[in-house]
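Following: one structure in structure tokens, then a few remarks.
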Amino acid sequence: MSSLVSEIARRRTFAIISHPDAGKTTLTEKLLWFGGAIQVAGEVRARKADRHATSDWMELEKQRGISVTSSVMQFPYRREAADGKAEENIVNLLDTPGHEDFSEDTYRTLTAVDSAVMVIDSVNGVEAQTIKLLNVCRLRATPILTFINKLDREGRSPIELLDEIEDVLQIQCAPMTWPIGMGKAFRGVYHLIDDKVQLFDPHGDKGTAAILDGLDNPELDRILGSQADELRLEIELVRGASHTFDKEAFLAGKQTPVYFGSAINNFGVQSLLDALCQLSPPPLARNTESRVVEPQEGKFTGFVFKIQANMDPRHRDRIAFVRVCSGRFERGMKLLHVSQAKTVAINNAITFMAQDRNTTEEAYAGDIIGVPNHGTIRLGDVFTEGEPLKFTGIPSFAPEFFRRARLNNPLKVKQLQKGLQQLAEEGATQMFRPLASNELVLGAVGILQFDVVAHRLEHEYGVDAIFESHECATARWLKGAPAEIEKLIAKAGHNVALDGAGDHVYLAPSMVNLRLTQEKFPDVQFLETREIV
């Protein structure tokens, strides 16, 4: 048991969240590089670039230079602990889509992590998607570290950025590093806790020219000139006006330690990675419908937070991403697939480095493993060593955009149904079958999602489909006594459909119609989100 406890204590599982173009994918690459997981940190460049980010593995992502699915990457990271001894952590990094149209996949991924890194663009500050994602983190009181990026560009003042984070996101900021200049005048950062100055070298491998001890170091005046005295004055003001780091407040999701840097130049990234390992919590306890599951429990438990089809077109595979919540996984172990009430032997679980995969011999609480899925595993499914648990808090969100699927070749109807069913089970889209017709209606939280579905249907399933507009304003899951739902279907069945799980959904043609229908059927609940169970 002691080795189980120590293995779990080494784990750090986190996601990176940001608004599009804040530099999240670049930061992901550089974290992997500093962790020794990749040899060359390839930037996401123009459409025809030869190299693509490790975490952007789907063909469409490579074309567009945006992340449209969440990638999972695991790597060991050795750092120097406070006592000077080397300490090795196992880092599980979940790269999430930054584009606003892929938020549902991001929301679900945030249920699988124990902490998150929020990337803020120093030029643009807090942006819309950052606000949405932080609110999802807040629902679970997820600890957040902040990385203010692009210090090599002319941006807003650091004090202004911290004020905006506190005002807009309602979270205390505790600066851990402080920038020396900005843009062309950017010379490095001062570490407030360690009293060290880290100088910036835009041409060096790791972005750092030198590290000097102490603000009073005369070497600082020689290198920085007049900027040295400006820095001393600024740090005095910062120490007086800002919050000092409070680990308890950080772990409660009420305070965020803030680091400054330039990911594209590798600067500040290693400090962030060290902080992630030092400050972020190891795997946390998880709620189920019946009890709390502690990570150090001897028996394995885990839940599916994502399903991805065709990660490798050569394999035509579907992988269920499982967050290990407690205990230890061993290759070949027999687990109860709770929703199916069946015991299955898991022989071919894998760990990930984006699309690269390795067969897993063992995994511990906090790790993410991939389980081959032949159509029986769904989002939210639970695997245990026998206990019939159901983990809570894995959401499905009401779509905001709707399309009707139509085929150019009617002979491909079976392939269309299979493709849409699989993509819906992944959570890439939601599929609805209206009770009153044979149509297939798709729902998504962002309009670009339909482009992704069309692209994947064509390239992975050989189906050329057209998505036409559908007169639907919003969707609500129906909850209530079966007799009450039957009454609603009898009166308004033309607006009722079944979702992929076979649950009844009301597809409202307008918000006025929804309000009137709710008034007519007060004993039926119309739900905007559905817990995936």
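The chain as shown is numbered from 1 upward.
Glycine is no exception: its Cβ is also placed from the backbone N, Cα and C atoms.
Among the features that Swiss-Prot reports, GTP binding site is placed at 18-25, 95-99, 149-152. Of all the Cβ atoms in the protein chains shown, 28 others lie within 10 Å of the Cβ of Lys24 (GTP binding site).
The domain 'tr-type G' annotation in Swiss-Prot covers 9-284.
In three-state terms derived from DSSP, Thr96 (GTP binding site) belongs to neither a helical nor a strand segment and is classed as coil. In the three-state DSSP assignment, the secondary structure recorded for Asp21 (GTP binding site) is coil. Counting every protein chain shown, the number of other Cβ atoms lying within 10 Å of the Cβ of Thr96 (GTP binding site) is 26. The Cβ neighbour count for Leu151 (GTP binding site), using a 10 Å radius and every protein chain shown, is 26. Most Cβ neighbours within 10 Å, among the binding-site residues Ser18, Asp21: Ser18 holds that distinction in the structure as shown.
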